[in-house]
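A.B. asks: Following this message is one structure expressed as structure tokens.
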Amino acid sequence: MAAMGLFKFLHSFSPFSRESKESPASRISNGSRSERGSRGTLPSNRSNGSQPSRRSNTSHPSRRSNRARPSARSDASGSTHLIRKSFMRLLPFIGYHHVLMVLITIGIVFSSLILSGCTTNGLRNIYLLSLSYNNHNETPSSNVSAVLASVVGNETDSLEVRIGFIGTCVNLRSEWTCSPSINTVASRVSEAAKSSHMNASESYDPLDLVNVARSFRDEVVFDGLLFVAVCCSLIALCLLSNFPSWHEGGDALESGEGEQSSNSERTAGRLQIFKSQFRAPLLQQVVLWFTLVAAVMSLLSVFWQHLGSAGAATMVRVLTAGVIKTHLGSIIMGLGWTTVVINVVVFWGVLVMILSIRVLSQLAD
């Protein structure tokens with residue numbers, strides 16, 4: 001009993017017992033006081049919180065840029081959509097033969113660059129073969145003659161001669177001179193020797209590389225095949241420009257029959273109009289033969305120039321025991337083989353077009 005009395009006495013002094021003894025009215029009054037206090041503190045919190053928000057807006061301009069990014073993206077998407085829409089409108093007016101005409105034009109431009117190499121200073125990098133003296137810090141071998149030994153030991157400025165189909169370039173004292181006439185290049189070398197007050201035994205060109213370039217261009221290089229290829233490509237381009245397009249037949253059919261015709265009737269009408277426009281199979285055969293001749297002539301010309309330049313470079317380097325350096329023109333080789341590939345693709349494209357026209361003519365019948 002004494003223990004129970006002691007437990008009740010201690011329990012009366014605990015905080016839990018006090019909370020349990022509080023009346024509901026006191027709880028309500030305390031709750032109302034806390035609500036009033038919270039309401040009183042809300043405006044101060046809002047007033048204090050408004051200033052940091054303004055600072056954050058002013059201190060972070062990246063947020064404004066992020067908001068402006070969607071507008072820029074929408075403008076870019078709108079421009080791409082406009083370009084795509086305009087291209088789709090133009091697409092029906094682009095025919096198969098127009099693609100072939102573009103390829104033929106590219107081939108003609110490349111062939112023109114090949115033929116006009118080394119005619120001006122701007123085209124000096126388009127050359128077939130380059131010849132220059134190898135006389136920098138090298139000792140001649142025992143099988144080199146006295147003339148070659150003197151050339152190797154010469155300390156004068158190096159001479160470089162570049163040969164193209166039509167023109168020739170010479171680099172003397174870091175100055176380029178290019179001309180279709182090789183006599184102009186030779187006179188430039190002689191004038192440079194006179195201006196330097198050289199003796200008769202001394203010269204910028206002791207082995208006469210200019211004369212070697214003249215012999216190479218006259219006896220090895222032949223540009224007639226490439227000229228024939230360019231002429232055939234031009235004729236094929238003019239003939240392809242007269243080919244009708246598929247949209248021409250469709251426009252004529254829609255203007256004649258109206259919008260009430262069905263898809264099958266429109267297709268049949270287009271086939272009939274397309275067949276009537278291609279009643280001349282001779283024109284198709286002429287275009288095919290001209291593209292074939294252009295492809296064959298360009299192939300022979302590029303193969304000839306590659307083989308002749310490589311053979312001449314090897315012979316000159318071996319006969320002079322390495323005194324003369326030789327380089328093959330990589331740019332002109334790349335342009336030449338690219339032209340061959342383009343002409344072959346055009347030939348096969350014209351062949352496929354002719355076969356397709358025959359199939360459409362049979363369907364129209």
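A Cβ is built for glycine as well, from the same backbone N, Cα and C atoms used for every other residue.
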A.B. asks: Select from 94-115, 314-335 the stretch of residues annotated by TrEMBL as transmembrane segment.
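C.D. replies: It is 94-115 that TrEMBL describes as transmembrane segment.
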A.B. asks: Short question: which residues 6 or more past the ends of the transmembrane segment (286-304) have a Cβ under 8 Å from it?
C.D. replies: 104, 107, 111, 222-223, 225-226, 228-230, 232-233, 235-236, 239-240, 333, 336-337, 339-340, 343-344, 346-347, 350-351, 354
